[in-house]
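A short write-up of the structure that comes next.
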Amino acid sequence: MVSSVVGGARVSDGGTARWRVVADQPRWVRPGLATLLVATAVLYLWGLRSAGWGNPYYAAAVQSGTKSWKALLFASLDPGNAITVDKPPAAMWVMGLSGRVFGFSSWSMLMPQAMMGVAAVALLYGAVRRCSGPAAGLIAGAALALTPVAALMFRYNNPDALMTLLVVAAAYGVVRAIQSDSGRVLSASNGWLALAGAAIGFAFLAKMMQAFLVLPGLALVVLITAPGGIRSRITGLVTAGVAIVVSAGWYVALVQLWPAGSRPYIGGSTTNSLWELAVDYNGLGRVFGSHSGHGGGAPSHPPAAHAATAAAHAAGPHFGGMAGGQPGVLRLFQDSLATEFAWLLPVAVLGLVAGLWITRRRPRTDPDRAALILWGGWLVSTFAVLAYMSRSFHTYYTIELAPAIAALCGIGIVLLWRRREHRPSRLTLAAMSAVTGIWVFTLLDHTPNWLPWLRWTLLIAGFVAAALLALGAHRARRLGAVIAAVALISGIAGPAAYAVETVALPHGGGSPASGPARSTGVRSGWGGTTTATPQLDALLRGADNRWAAATVGSQQVSSIELNTGASLLAIGGFSGRDNSPTLAQFQQYVAAGDVHYFLLSNRSSQRPGGAQPNDSAQDNAQHGRGGGRSGAGTPGRGMTSTPAASDLNPSGTPESAAGEGNSAPGTSSRSAANTSQYANHGGAASNTSGSQITSWVQAHYAGNTIDGITVYDLTIPQHP
């Protein structure tokens, strides 16, 4: 039987793929891989000690996990275990355990995130190499490492880093499965599919249903290209599905079976249910806009919501690290959203289309076609959900597109380069170079004052490489290598420059964005200022109650906890609208001596009708500043009163923000969700537990102003 080696896999003409790693790889493969991984580690670890707390919402949960094992298990925002963050705990487990080993610091928290990025690059290389050879794997790995949103999130403490690593690991497991023999229930193929399913399940425990966006591509490649009959392929998919349910379901069952009174309230839910959090708040509610309205980050304060809506309209559809706009294919290309992930998208799409055409008559189990189906399905399904979901979303959600784009770039380029003697393949490579040059120029033009020479240089280089490829100059061996290098560098230099700039600048807040600042001064996604409160800090450090203080909304709590190390009770969770604790529960806490102080901002009480926009927030809105970049790289005090700009649906109506510890664009990273935190001041909705508790405290206790904050001592006898 005649066989040929295709990109590291042996394929027989009878249609049976005998996949294997080629032993006699070129000498440059291992040094190339080592260089890629070391360079990625240097990029992601560079200056990590000065990177600050990132998102203080999650940083406070990590800190709590270093003090309480129960807080670590449930991702509680406070060591007293009052309420969890609005995401499952897997990412907090990793960062919290690192903090327990090395001591809690920004470095111990962010170092695991950076190493997840290195591991994701290595796994992507392995998955692509097994299908299309080492050159394709190295291109894919480099493209992922230098994607700006990847450079951002693998140095940040949001759950997206762990989710991305795990979904790439799942893809690697699927590739290994379709390489392996099947036919038996306990076959190697089913074993790899079980591992892939387990990775998806734990990715669910990092970011819930966002992890499932890649499933169509993974399932499709197994169903179409796995060896064996249709029954064995379906058995493999069932095996993977069972693994997903088991690896994710054990924790859901644990939370449901754990007595609700002895665990923290599930933040972001209305019924204290992790299942509701997964299906509604972090699931279908985001896609179809059917979120119940509790949790999240929309301000419940009417004047602030109105001001936020106006600010968001003034800023356009891409605003403060959030992406809104009308659902549709063009949504992900709006303004600067594309600079997060889409630099090499033209190469990926052309490579996918050309690759499917080239492999159209190959055997069903052909490795190149299998890779195209896997990563193409991943790209299409994830892109479609983000493009058509009803609600706006954080721009860093696009990190889930990055592995697929990077893989398709490597696979498509290598497939076409192998066939460069054929004119259609050569012209397609030329088109890749020219179109990418134009696209990179367009993306760099979003920051015209930043390295203005770069976009022109890359445009010219891309066209020169395209012309030489089209004219057949590749036939000279050395010249061909130079042309290929120029084309690759001109395509990847743009995102690489953005990635390096992303690493060079500190970021903070709930909705960070990559790349250079796009206005004068340092870009701050929430537009607020910090206020020193030394007397208040000392007061809270001296309290030895279960909770040193309580205030409405978790963003206030997280900043104070990080600065003082004290445990604070976040009334109402992230936005101040969760029904936890109820007024009766809070009264019980006070009677038991569990809460020492209640904190209320003076600024919002000084304004008629509540908090109003400050000049900084309005300026940021009008000039499109945002993205969560913090000048100091560390969180501020958080008791300011900058209003929260609402997350907008397509009609411009305020909605709750899409989680991640973010109130919504246009607010201070130190004080997101202020307007709901001090809910009863100035006309907030009176049906929330936060507003009821605030009214009760004001009616029964005397306040004392300390560092501009009204402090109510709940241990002093009540008013007669």
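Cβ atoms are placed via backbone N, Cα and C, with glycine included.
The transmembrane segment annotation in TrEMBL covers 28-47 (among others).
Per TrEMBL, the feature domain 'Glycosyltransferase RgtA/B/C/D-like' maps to 86-247.
The transmembrane segment annotation in TrEMBL covers 110-128 (among others). Residues 33, 36-37, 40-41, 44-45, 48, 51, 54, 94-95, 98, 102, 136-138, 140-141, 144-145, 150, 153-157, 161-162, 164-165, 168-169, 171-172, 175, 371, 403, 406-407, 410-411 of the same chain, all 6+ positions outside the transmembrane segment (110-128), place their C-beta atoms under 8 angstroms from a C-beta of that stretch.
Look at TrEMBL and you will find 135-155 (among others) tagged as transmembrane segment.
Tertiary neighbourhood of the transmembrane segment (161-178): same-chain residues 17, 19, 90-91, 94, 113, 116-117, 119-120, 123-124, 126-127, 130-131, 150, 153-154, 188-193, 195-197, 199-200, 202-203, 206-207, 210-211, 214, 218, 221-222, 225-227, 236, 365, 370-371, 374-375, 378, 399-400, 402-403, selected by CB-CB distance under 8 Å and a gap of 6+ residues from either end. The transmembrane segment annotation in TrEMBL covers 161-178 (among others).
The transmembrane segment annotation in TrEMBL covers 185-205 (among others).
Annotation comment: TrEMBL describes 237-258 (among others) as transmembrane segment. Distant neighbours of the transmembrane segment (237-258): 74, 88-89, 185, 190, 193-202, 204-205, 218-219, 222-223, 266, 273-275, 278; these residues of the same chain sit at least 6 beyond its ends, with a Cβ under 8 Å from one of its Cβ atoms.
Taken from TrEMBL, the feature transmembrane segment covers 341-358 (among others).
Annotation comment: TrEMBL describes 370-390 (among others) as transmembrane segment. Residues 17, 127-128, 131-132, 171, 174-175, 178, 213-218, 220-221, 224-225, 286-289, 327-332, 348, 352, 355-356, 359, 397-398, 400-401, 403-405, 407-408, 411, 649-650 of the same chain lie 6 or more positions beyond the ends of the transmembrane segment (370-390) yet place their CB under 8 Å from a CB of it.
Per TrEMBL, transmembrane segment is recorded for 396-417 (among others). Long-range neighbours of the transmembrane segment (396-417) within the same chain, counting only residues 6 or more positions beyond its ends whose Cβ lies under 8 Å from a Cβ of the stretch, are 7, 120, 124, 127-128, 131-133, 135-144, 147, 149-150, 152-153, 156, 158, 160, 163-164, 167-168, 171, 210, 213-214, 217, 321, 332, 337, 340-342, 344-345, 347-352, 354-355, 358-359, 368, 371-372, 374-376, 378-379, 382-383, 386, 425-426, 428-429, 432, 484, 488, 511-513, 658.
What TrEMBL records for 429-447 (among others) is transmembrane segment.
When Cβ-Cβ distances below 8 Å are used as the criterion, the transmembrane segment (453-472) is approached by residues 420, 426-427, 429-434, 436-438, 440-441, 444-445, 479, 483, 486-487, 489-491, 493-494, 497 of the same chain, each at least six residues removed from its ends. What TrEMBL lists as transmembrane segment is 453-472 (among others).
Within its own chain, the transmembrane segment (479-498) is flanked in space by residues 139, 142-143, 146-148, 151, 339, 343-344, 347, 413, 417, 420, 429, 432-433, 436-437, 440, 443-444, 451, 454-455, 458, 461-462, 464-466, 468-469, 473, 514-516, which lie at least six positions past its ends and keep a Cβ under 8 Å from the stretch. Annotated transmembrane segment per TrEMBL: 479-498 (among others), in sequence order.
According to TrEMBL, the feature region 'Disordered' maps to 509-528 (among others).
Taking the domain 'Putative mannosyltransferase YkcA/B-like C-terminal' (544-605) as a whole, pLDDT averages 89 in the prediction. Positions annotated as domain 'Putative mannosyltransferase YkcA/B-like C-terminal' by TrEMBL: 544-605.
TrEMBL lists 603-689 (among others) with the feature region 'Disordered'.
A contact between the transmembrane segment (135-155) and the transmembrane segment (341-358) is present, since 3 or more of their C-beta pairs, 6 or more residues apart, lie under 8 Å. Taking Cβ pairs closer than 8 Å, the transmembrane segment (429-447) reaches residues 335-336, 338-339, 342-347, 350-351, 412-413, 416-417, 420, 454-456, 458-463, 465-467, 469-470, 487, 490-491, 493-494, 515-516, 518 in its own chain, all 6 or more past its ends. Helix, strand and coil content of the domain 'Putative mannosyltransferase YkcA/B-like C-terminal' (544-605), in residues and according to DSSP, is 24 helix, 17 strand, 21 coil.
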